[in-house]
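Annotation source TrEMBL lists ATP binding site at G16, S17, G18, K19, T20, E21.
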Amino acid sequence: MKPNKIRIIGITGGVGSGKTEVLSYIKDKYNCTVIFADEVAHKVQEPGQDCYGELIALLGADVLAEDGRIDRTRMAEKIFADGNLLKGVNQIVHPAVKRYILDEIDREKGEGKIDFLFIEAALLIEDGYVNIADELWYVFASEDVRRERLKSSRSYSDAKIDGILGNQLSEEEYKKHCKVWIDNGGSKHNTYEQIDKKLEEYLWQR
Ligand SMILES: CC(C)(COP(=O)(O)OP(=O)(O)OC[C@H]1O[C@@H](n2cnc3c(N)ncnc32)[C@H](O)[C@@H]1O)[C@@H](O)C(=O)NCCC(=O)NCCS
Ligand SMILES: Nc1ncnc2c1ncn2[C@@H]1O[C@H](COP(=O)(O)OP(=O)(O)OP(=O)(O)O)[C@@H](O)[C@H]1O
């Protein structure tokens, strides 16, 4: 039997738009692999991994927690308030994340067992994943809705949300680059219906 051709789909959207929520539904229902760029970014920052030393050299030893790991809250406070530091961090972390993801894609293509491979990242467009994925999906909800969800579920402060939002693309930019738009401003059920419609269509076309 011919191995499946895997469709590679990048999922993007602003902070709190529902990317993780969308993917946890997809992961349970479809024959796919999901890679979360944030998780990979955290992995490559662990002691002993590629980016650890370089990040401390850039940010200072005061970002370290007592156990020697990088304290994410302290790191976020620093980098989302200082564009140059954010740029420096991105230059260190993003190439390592991309290497990891490209290796995973190669591995999955070699095995040929899944129908879809999803890559979730807030920064897919900025980081050139446009060429890596077969297509990009944009998950969106209004800023007010996202702010409310982030405050209640993650206790993010307004200042933290503002800092992150200020470093992300505008709605128009996201929409321009993404072929599929998923409106997650309503109920989860409504969002799931949009996803099923799209993915079932792809499975039928195979
Ligand atoms: C700054 C860090 C330590 C904050 O960690 P924390 O656990 O508090 O938040 P978390 O990782 O969940 O990020 C919250 C959200 O902020 C946004 N965000 C994260 N990094 C960035 C960035 N470099 N630029 C713009 N938005 C970002 C994303 O929407 C993300 O989901 C962490 O985000 C990080 O390591 N960022 C640098 C690596 C990176 O660029 N990751 C993004 C995907 S490659
Ligand atoms: N349709 C929805 N209705 C109600 N709550 C939702 C809905 N979609 C997502 N949420 C909740 O909103 C919060 C943010 O969603 P989620 O974590 O999926 O966003 P994200 O885009 O992955 O965020 P980040 O950019 O930080 O990675 C979560 O607590 C999630 O459970």
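Using the three backbone atoms N, Cα and C, a Cβ is placed for every residue, glycine included.
TrEMBL does not curate its annotations; it predicts them automatically.
Shown in sequence order, F36, E120 are the residues of the chain, 6+ apart in sequence, with a C-beta less than 8 angstroms from the C-beta of T20 (ATP binding site). Taking the centroid of the Cβ atoms of G16, S17, G18, K19, T20, E21 as the ATP site, the other same-chain residues with Cβ within 8 Å of it are G13, V22, V139, A141, N184. When secondary structure is read from DSSP and collapsed to three states, K19 (ATP binding site) falls in the helix class.
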